[in-house]
Amino acid sequence: MAQLFFRYGAMNSGKTIEILKVAHNYEEQDKSVIILTSGLDNRDGVGYVASRIGLKREATPVFDDTNIFEIVKQTNPDAACVLIDEAQFLKKHHVLELADIVDELKIPVMTFGLKNDFRNELFEGSKYLLLYADKIEEMKTICWFCRKKAIMNLRFHDGQPVYEGEQVQIGGNEAYYPVCRHHYFYPPKLTK
């Protein structure tokens, strides 16, 4: 039975490596997958999913006006699975299109992304995935500064925490850190 999955976690929780692993497992059994990612994420070039451990592969970029349902229907309506990286950047209409892929095309859709931004506000895509997903699962990682579970993302600029600004600023370890609640509100000064 096809379902819509949302797997969320703080930065460095292994979301992208999980997508690559799931894709590999399907493809090893000669089952095709469709991988999509946000067109906003250009750290490794637009149209790629890349993990911090160095694995990378092509993906179809999703922009604000992209119709994901039509991409899947026209590209491969017999795909075994649709995998979405950086799902927090999806718009409401994208999430509804993913639900249609599950309900009409009977293809499971697995989405991976951040739940909340550095201001501790939900991303639009995450908000609607939390509402419409059949299954929701947290991917865990540890706080950058202690051994507690990281549940938030903290933005730093010049070694100082940042709590205001634009929601979307693409960056990796140089800009964002996974943190526990305590270190979100009381972070140490970075000396890197």
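Any Cβ shown, glycine's included, is placed from N, Cα and C.
Going by Swiss-Prot, these are the annotated features:
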- GLY9, ALA10, MET11, ASN12, SER13, GLY14, LYS15, THR16, ASP85, GLU86, ALA87, GLN88: ATP binding site (BINDING)
- GLU86: active site, proton acceptor (ACT_SITE)
- CYS143, CYS146, CYS180, HIS183: Zn(2+) binding site (BINDING)
Could you tell me which three-state DSSP class HIS183 (Zn(2+) binding site) falls into? helix
Would you mind listing, in sequence order, the residues at least six apart from CYS143 (Zn(2+) binding site) in the same chain with a Cβ closer than 8 Å to its Cβ? LYS149, ALA150, PRO178, VAL179, CYS180, HIS183
Inter-residue Cα distance where the pair is CYS146 (Zn(2+) binding site) and GLU86 (active site, proton acceptor), in Å: 26
Could you tell me the C-alpha distance between ASP85 (ATP binding site) and CYS146 (Zn(2+) binding site) in angstrom, no decimals? 27
Rounded distance in angstrom between the Cα atoms of CYS146 (Zn(2+) binding site) and GLY9 (ATP binding site): 17
May I ask which residues of the same chain, at least 6 positions away in sequence, place their Cβ under 8 angstroms from the Cβ of SER13 (ATP binding site)? MET139, LYS140, THR141, ALA150, PRO178
When you average the Cβ positions of CYS143, CYS146, CYS180, HIS183 for the Zn(2+) site, which other residues in that chain have a Cβ within 8 Å of that mean position? ILE142, TRP144, PHE145, ARG147, LYS148, ALA150, VAL179, ARG181, HIS182, TYR184
State which of the following binding-site residues has the fewest other Cβ atoms within 10 Å around its Cβ: MET11, ALA87, CYS146. CYS146
ASP85 (ATP binding site) in three-state DSSP notation: strand
With the ATP site defined by the record as GLY9, ALA10, MET11, ASN12, SER13, GLY14, LYS15, THR16, ASP85, GLU86, ALA87, GLN88, how many Å span the farthest pair of C-alpha atoms? 15
Just going by other Cβ atoms within 10 Å, which of the binding-site residues LYS15, HIS183 has the emptiest spot? HIS183
Is MET11 (ATP binding site) helix, strand or coil when read with DSSP? coil
